[in-house]
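Have a look at the structure below, then the notes.
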């Protein structure tokens with residue numbers, strides 16, 4: 001069985017661990033400390049809102065198609081039978097694509113080492129001119145990534161990649177009928193569908209040339225006679241140790257593959273904008289005729305992408321309502337704890353399996369064939385309950401401070417008719433007490449800092465996010481593409497400047513969030529994040545009150561361009577100061593390349 005992120009003994013939905021580099025943070029941070037703006041700034045509110053309305057982006061077009069898709073809706077009584085062809089048929093061979101003669105090992109080592117040194121830097125999308133020459137360019141994955149490189153809006157790129165991930169299942173149908181409700185199986189009959197995303201040769205390369213450690217980056221586990229064993233030796237996961245454990249029947253689970261694999265990073269960085277929630281992943285390599293993990297359920301929405309080999313999966317519905325859409329992962333279950341599976345199937349390369357939080361699952365390799373799959377995970381602790389858990393204490397605090405009814409004393413004799421021992425009492429005083437509680441609870445909604453808590457959750461998402469992946473266009477039109485360099489003993493091509501005539505928009509849609517803290521405004525952003533989870537402290541810029549409406553206009557008008565001279569500021573100096581600061585940080589792009597002065 002393969003354990004998804006944050007299962008029992010598994011890593012939580014994080015991209016990895018590392019020592020943090022601290023950055024000075026704004027003081028007085030509080031979700032109740034909303035920004036204070038001078039009256040002179042508020043006169044721009046109406047004009048800013050009208051500009052946003054005029055610049056509103058067109059809605060995305062959705063496509064419909066026939067699909068070879070199975071869900072478990074309506075299959076509660078008996079498990080889906082394992083197809084006869086899946087029991088006996090040998091896997092169809094995946095065509096081997098010859099490597100270019102130029103793709104020698106030293107070049108590959110040099111390229112990946114350079115990527116490792118720049119984990120937090122934006123990178124171009126696959127399909128651009130700097131992509132790995134060893135990747136199979138004609139695979140469906142590489143074709144869609146090349147297509148994304150030509151889509152100007154990051155929103156549309158995220159929607160397109162998710163559409164490709166589910167294809168031929170329409171995303172709108174998936175969200176309306178299946179998301180958080182049913183397990184879904186998509187069969188594609190195309191072993192090359194995910195080719196270029198991740199492979200066993202990629203894992204072998206990482207063991208040889210990257211600093212991979214047992215327990216931190218790689219787990220070795222097996223499930224024998226109803227017991228799971230984790231067999232992580234201390235220290236670095238060198239090939240000799242890792243492959244010896246694999247030969248001994250251990251599954252290898254690579255945590256945070258996006259920290260090592262540029263393609264996995266790029267895949268997740270695009271999809272995180274679709275979910276509005278952190279997207280993580282693990283990779284699982286299981287030897288033939290073995291099972292790595294015990295049956296369990298997880299606290300994330302799981303998308304299983306079968307990359308190599310074959311694997312038998314059994315998926316079970318939550319056993320009772322308390323396990324439905326679980327907020328925490330389960331302990332390991334025994335086979336006696338399980339009922340009949342609602343879905344039993346063999347995944348082959350190119351297939352996709354989705355199941356919600358709380359669905360128990362286990363998987364094993366059979367027929368002498370290994371299995372490699374990637375689990376994409378999202379929506380960990382991203383529920384209404386989690387949101388209200390943050391809102392209600394703050395609402396209570398505000399209500400006590402602002403409404404005298406919450407400060408009035410309890411009845412002197414309330415213990416005579418309240419409490420468990422009086423729960424069956426018909427005392428009218430008890431009825432009046434309960435009514436008073438209901439009235440006060442209903443009033444709490446007036447004090448709920450909903451927007452402030454939403455901003456704090458958005459700030460957390462910005463910190464959780466992977467750094468953005470840039471298209472060729474985004475790189476060429478932003479500071480990342482300026483031709484400034486050192487040449488002949490001095491820097492050259494220095495001097496490009498924004499003017500009031502320059503047209504700009506944000507680099508991407510989900511890369512920044514404006515948050516009020518301690519009476520000040522801060523713009524939190526992702527472009528300097530690491531591919532390793534929280535390796536860096538949150539990054540932010542202070543936005544002055546006279547620039548607040550202009551900043552909001554830039555955030556809300558994406559992907560439409562705004563002329564710098566039209567930003568709602570009090571002066572040209574404020575307009576240019578804000579635009580230049582954002583451009584220099586890599587947060588803005590221009591409609592045309594800047595002209596060197």
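FYI, residue positions are counted from 1 along the chain as it appears here.
Cβ coordinates are placed from backbone N, Cα and C, and glycine is handled just like the others.
Taken from Swiss-Prot, the feature Fe cation binding site applies to 296, 298, 361. Taken residue by residue with DSSP, residue 298 (Fe cation binding site) is part of neither helix nor strand, so it is coil.
Among the features that Swiss-Prot reports, compositional bias 'Basic residues' is placed at 14-24 (among others).
Marked as compositional bias 'Basic residues' by Swiss-Prot: 37-48 (among others).
Among the features that Swiss-Prot reports, compositional bias 'Low complexity' is placed at 49-62.
Annotation comment: Swiss-Prot describes 250-395 as domain 'JmjC'. According to DSSP, the domain 'JmjC' (250-395) comprises 35 helix, 51 strand, 60 coil.
Ranking the binding-site residues 296, 361 by how many other Cβ atoms lie within 10 angstroms of each Cβ puts 296 at the bottom. If you draw a 10 Å sphere around the CB of residue 298 (Fe cation binding site), it holds 28 other CB atoms from the protein chains shown.
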